[in-house]
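Presented below is the structure to which this report refers.
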Amino acid sequence: MDQDLDRAERGERGGGSEELLQEEINEGRLTAREALQTWINNDSPRYVKKLRQGQPELPTSPGGGGGRGHRARKLPGERRPGFWKSLRELVEQNRRKQERRLSGLDRRIQQLEDLVRHMSLGSPDPSTPSASVLSVNPPAQTPLGHLPPRSYFKLKRVDCGAGWDLRTTAAPGLPICELDWIQGTK
């Protein structure tokens with residue numbers, strides 16, 4: 001109360017109360033805690049009083065700035081470390097899945113290339129389903145007796161209906177569509 005009268009006599013309107021409180025602390029009349037409480041109750045801006053009483057003036061988000069304004073954001077690691085950890089784990093899982101898929105596709109392509117190579121050479125390999133057909137029929141009668149180079153299969157797209165009658169002339173057990181065969185026998 002005496003402080004208010006002193007300020008009123010000097011014509012101050014709450015502007016220099018921090019200095020007055022500091023003087024009283026230095027002279028031993030107030031403790032720091034009492035001075036802070038006096039400043040909060042009498043001279044502080046309205047939002048400090050509301051924050052002090054547990055009623056924040058501005059809406060704050062639960063992971064947000066926390067006193068730096070309702071739009072203020074913390075640093076990414078400071079915000080939610082669990083979120084970033086789980087995000088990194090998800091990215092790593094997806095990368096591993098994609099690698100497994102690609103390695104499976106590479107194996108399948110290699111199997112098909114080996115199958116084509118065996119069939120074009122006419123070598124009877126018991127693991128291929130159509131090896132018996134190749135060994136019985138002469139290569140001139142088998143539609144796959146003469147094959148283009150491997151690059152042909154990688155560059156062309158599938159056209160299974162053009163010159164092929166898949167029920168009669170295709171080698172049994174050999175899915176021609178998977179080989180991207182495009183030329184027919186005419």
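Using the three backbone atoms N, Cα and C, a Cβ is placed for every residue, glycine included.
Lifted from Swiss-Prot, the feature list:
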- 1-16: compositional bias 'Basic and acidic residues' (COMPBIAS)
- 1-22: region 'Disordered' (REGION)
- 44-79: region 'Disordered' (REGION)
- 73-97: motif 'Nuclear localization signal and RNA-binding (RRE)' (MOTIF)
- 85-120: coiled coil (COILED)
- 102-115: motif 'Nuclear export signal' (MOTIF)
- 121-142: region 'Disordered' (REGION)
- 128-139: compositional bias 'Polar residues' (COMPBIAS)
Do you know the DSSP helix, strand and coil residue counts for the motif 'Nuclear export signal' (102-115)?
14 helix, 0 strand, 0 coil
Determine the mean pLDDT over the motif 'Nuclear localization signal and RNA-binding (RRE)' (73-97), rounding to the nearest whole number.
76
